[in-house]
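J.: As annotated in Swiss-Prot:
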type: BINDING; residues: 53, 54, 55, 56, 57, 58, 59, 60; note: ATP binding site
């Protein structure tokens with residue numbers, strides 16, 4: 001869990017990035033050593049949606065897309081998460097009617113609205129629990145750098161605008177480990193959006209022999225239609241809050257102001273009440289992400305919920321058939337393990 005990314009993470013020649021790079025080299029080496037550790041498998045295909053950096057890249061919309069495609073094919077996939085921001089160690093099957101973000105984390109609540117979802121800090125135990133409950137596939141949202149659960153396919157997601165920042169490893173930059181060896185351990189790269197880094201990322205992945213997918217995060221048009229006539233006050237506590245503003249602006253919505261919060265921020269009424277007051281004063285609509293909105297789904301915010309609009313988004317691939325190829329690869333590898 002991180003707050004706002006330091007500005008120097010996006011600057012190639014920053015002094016702070018250079019000063020911290022020896023620590024980053026150590027962190028990267030330790031992470032790569034950990035990634036080479038032993039794994040435990042389960043008797044169903046395991047598909048990991050990961051990213052090589054910290055912060056928002058579009059993993060959760062990608063996981064939802066993969067889960068939806070498997071469901072369309074008649075499968076019964078389960079989502080598996082560590083449960084960032086939640087207190088439960090698991091394994092536990094998430095119940096959106098009784099669990100809160102404080103229990104299982106915001107991402108798990110969001111995924112549980114679409115498919116059976118297990119939260120477990122011990123990923124092999126979580127996957128085994130999902131299989132015992134009837135999972136045909138396990139789709140991991142994050143966990144690429146954790147070797148404990150054997151993965152049949154790993155799909156990395158990188159934002160096409162942010163890329164990998166300054167290309168350095170934590171804390172000198174946003175990478176969790178050096179990019180090249182992370183790519184070598186993946187099967188495919190999804191470049192989310194057509195930003196300034198998109199083409200270079202695609203070329204790099206191709207040079208490592210990886211399948212490259214291109215996709216766009218699209219907002220729900222019915223919700224956008226309710227926002228187009230006015231101005232919005234947007235707030236978000238995600239890896240890249242600016243992404244919400246960019247999505248709204250690209251859809252033609254006027255933004256009065258963006259209020260960022262740290263990733264996975266545990267909202268309090270004292271955070272939200274001033275935003276509601278400001279929006280009312282300025283005659284703006286208050287809008288946030290679905291991931292933020294699930295953190296407001298408890299009785300402390302009961303009187304505030306009606307004033308906040310959640311903006312659902314979906315990941316849409318430029319070539320959807322490429323996803324089917326990746327899913328078939330996962331199933332073939334799982335069958336070969338059996």
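Using N, Cα and C of the backbone, Cβ positions are placed for all residues, glycine too.
Quick one: where do these features end up spatially?
T.: The secondary structure of residue 59 (ATP binding site), as reduced to three states from DSSP, is helical.
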J.: If you draw a 10 Å sphere on the Cβ of residue 55 (ATP binding site), how many other Cβ atoms land inside?
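T.: Summing over all protein chains shown, residue 55 (ATP binding site) has 18 other Cβ atoms within 10 Å.
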J.: In the same chain, outside 53, 54, 55, 56, 57, 58, 59, 60, whose C-beta lies within 8 angstroms of the Cβ mean position for the ATP site?
T.: 51, 157, 159, 239, 240
